[in-house]
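J.: Copying in the features that TrEMBL gives for the protein in this structure:
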- 80-103: transmembrane segment (TRANSMEM)
- 189-230: repeat 'WD' (REPEAT)
- 230-262: repeat 'WD' (REPEAT)
- 271-303: repeat 'WD' (REPEAT)
- 312-353: repeat 'WD' (REPEAT)
- 353-387: repeat 'WD' (REPEAT)
- 394-425: repeat 'WD' (REPEAT)
- 435-467: repeat 'WD' (REPEAT)
- 476-507: repeat 'WD' (REPEAT)
Amino acid sequence: MLKHQQSAASDPLNIFRQQVERWQQANFVDGLLVRGDDLRQLEDLTQQVELNATERLFLKASQVLDARQQRRRKQGQQSLMTILFLFVITTLSAIVFIIIRVVPTLAPEAQQAASELATRPTQAQPAQTDANPGAPAFQLSQAGLTLMQKDPVLRLLVAYEMNAHNDTPATAQNLLDAINALTWYPIMLRGHNDGINRLVLSPDGQSIVSAAKDGHVLLWNLADNTEHTLAQHDQAIWDVSISPDGRRIVAAADDGIASLWSNTGAKIRMLYGHSGPVRSAIFSPDGELILTASDDGTARLWDQAGLPLASLVGHEAAVRHASFSPDGQTILTASDDGTARLWNLQGESMASLGSHSAKLNHASFSPDGELILTTSDDDTARLWNLQGELLAELIGHTGAVWRGSFSPDGQKLLTASWDGTARLWAHDGTHLATLAGHADIITDAVFHTDGQRILTASWDGTARLWDDEGHLLDTIGTQGDLLHQASFSTDGQQIITGSANGLIRIWYPLHAVVEPFQGQHAHGLYAADGTYQPPTITSAELRPAAACIARRELTSAEVDLYGIPQPLKFERPATGCPQAPSER
């Protein structure tokens, strides 16, 4: 663009400024930005002159757009390599499939040869082919158990296939163990190519918005399983928020820009003004205001259309977090200068909440808006009133306290630390319980809306579910997968996690552990008193169990029947599973 216009005018700087003016008049549309060779020429030109604020924004926006397009081209090349890789994997999988499925139909000599090939990865186990015809399958199953411990779904698939290949008491027990280990069923959302920084659910629970280090904000529609890309920044997205009506989304980016979007994917406005990375962005409770916080040491207030209203100036270092009081009339900021501050909606400072001996990581209001909890790198959390008076110091953690929150009724406090523990406290600061068990730092901790359950996320790859007294209820997750966040779904029935590898998982509970039972073969379970119990295992789509894994006759009087979620879609459906009776 620029090089073509130079023939029509002798002053490239004048051409540049005219282009900037047209860009501003057109509401900063991307189509008027420059990229490629034109951008290189512009960068050379602007090194020689002093630019005003709008010209600097034009240059920065052009650089972001150019980098985004280069990244897309690179991703296209990577996609081709991925296709080739999947082709190879599919071919290898087909070979394994043939080995597993064809072995039973081979002549005895061929069966032994194939079994030896299949068991070759498990050379540590003694060969038992001659003594026990089922041994090769059992060896494969045990190898699968060892290799698939990180993925309980894959472990179940391996156990089923090995048991279908050779039915022995050992493989039957392995199958039972695999089923009982699968208490949560994950559905994976793949779209980001770098770590998840923030996940939020829409008020109606029908969509998830994710922000990641790859510079993208993605909107996942859970009702129709579609994905939409919203913000595409050149640098990491640190925070994202959905308006109370679910119609607008605001994102905070490392490039110093916040962006406002509709839930249909249309860009509403770029919020320019910060001179450093934007760390936090949130809507007011009524959705009429937007609040951002930045490394430039300020927080800024915007109207619902993204127009600036006030700048909150007073902190002496980066502002990491900002939030509204429950009634929307007061603003709370937390800074690297070790202080939290309260502000009115005109941007005037109302109170400064003391000083931690290290930077603050988080600050939050109690549900009634009367108390404030701050967390810090000084290994403590502190409780304050609205006048800035210290009420309690929560001491006990041996690492930075990353997050802090109040229970829904405001009677308990929850802190999460890099020491690998979370702690429960009374609202007066008395320590109640230590939630210990994670093997690495805890990155998130939240209360369920009923206040009776707590969810923690850790770099050890697991999320853990606790009761409100600190007792462990369940462990969810995949070993080795660093979790950045965990939260409950809107209805509280599922758990959503975001990890450092860019994966989002929605974990659906399997509502009962499968137990052996006695009675007729049916697509359900019979209790000890003979009453029929409908299938209790449900799938990720919450359909009834639709596949019968097998009949396993442990004794002449006992028959085990196992139901599994339909989405697993086994290649070989088990036979001999009558329909469930309508009544019993």
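For all residues, glycine too, the Cβ spot is worked out from N, Cα and C.
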J.: Hey, which of 271-303, 312-353, 394-425, 435-467, 476-507 has the most Cβ-Cβ pairs under 8 Å against the repeat 'WD' (189-230)?
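T.: Comparing 271-303, 312-353, 394-425, 435-467, 476-507 against the repeat 'WD' (189-230), the winner is 476-507.
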J.: With CB pairs under 8 Å as the measure, which of the listed stretches 271-303, 394-425, 435-467, 476-507 comes out on top against the repeat 'WD' (353-387)?
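T.: Most contacts with the repeat 'WD' (353-387): 394-425.
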J.: Please list, for the repeat 'WD' (435-467), how many residues fall into helix, strand and coil according to DSSP.
T.: 0 helix, 19 strand, 14 coil
J.: Where does the mean pLDDT land for the repeat 'WD' (230-262)?
T.: 93
